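Quick look at what Swiss-Prot lists:
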{"type": "BINDING", "residues": "D12, D13, S44, N102", "note": "divalent metal cation binding site"}
Amino acid sequence: MASPLKILISNDDGVFAEGIKALAHEAARRGHSVTVVCPDQERSATGHGLTLQSPIRAEQADGLFADGIRAWACTGTPSDCVKLALGKLLEAPPDLVLSGINHGPNLGSDVIYSGTVAAAMEGTLEGLPALAVSSACFDWRQFDGAAVQAMDVAESALAGGWPEGLLLNLNVPAVPPDRIGPVRWCRPGVRRYVDQFDERFDPRGRSYYWLAGEVVNDFEAAGTGPKDWPTDVAQVQGGGVALTPLQPELFWRGALPPLPIAGVSAAPDAAAARG
């Protein structure tokens, strides 16, 4: 990059996670100014939730990172962390928001639940370039390759002109750096789960439920996006890096049936909706 960037980094795995340390250290190694604001504990699958009924506390955690990296551990959600950083903790707006490296994939429909993606999306909502990055295996603990991939993609995208409202979601296969495949634009795939709840009983015989389940990657589902792009699920399964463009807008742009309600006009066709 022509000049050092001001980078804000968050995650949903918490301040002690190895993934966020690898990402922060790689960004700092390249000469960028790095600030970490992330949850003080595991906050996975919190989506875009915010803390409204209790205070949010932030404690400095510089000692957990390399020299020169400023860090705060917050009691809130990933979205809280980015909001607090942008609204109170940072002296100036960052040039880039990064989230991750997540311990596990954020592919296809998983992004709806992901705190990692939500933290990056918070940056997008504030008009900032943002990238979420995940290592596609929960047990993998070698994050250096994913950190390099994330910074390469982010720096390249910024140099090329980052469109406003674009969130990049990067998933890196869990293999050694020299075996990581090529980066490709991907469309969101479909991931479904079976046997989602495990019923258990406490010592007093009362039942409780533990969210578990087994993921089923659906390679046949059409998904969304250009059909000549692979799905992110298929790309990572094949050993490549999946880069998926996302946006906060949720408006449906396909065809709609007429509503069976008096006084409501027929739905526009797909072409009109896209216009």
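Positions of Cβ are set from backbone N, Cα and C atoms, glycine also.
Recorded features from Swiss-Prot, shown on the structure.
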residue: D12; record: divalent metal cation binding site; Cβ within 10 Å: 30
residue: D13; record: divalent metal cation binding site; Cβ within 10 Å: 23
residue: S44; record: divalent metal cation binding site; Cβ within 10 Å: 19
residue: N102; record: divalent metal cation binding site; Cβ within 10 Å: 31
Local backbone state of D12 (divalent metal cation binding site), from DSSP in three classes: coil
Divalent metal cation site, defined by D12, D13, S44, N102: further same-chain residues with Cβ within 8 Å of the Cβ centre: N11, G14, A17, G19, E42, R43, A45, P78, G100, H103, G104, S114, G115, T116
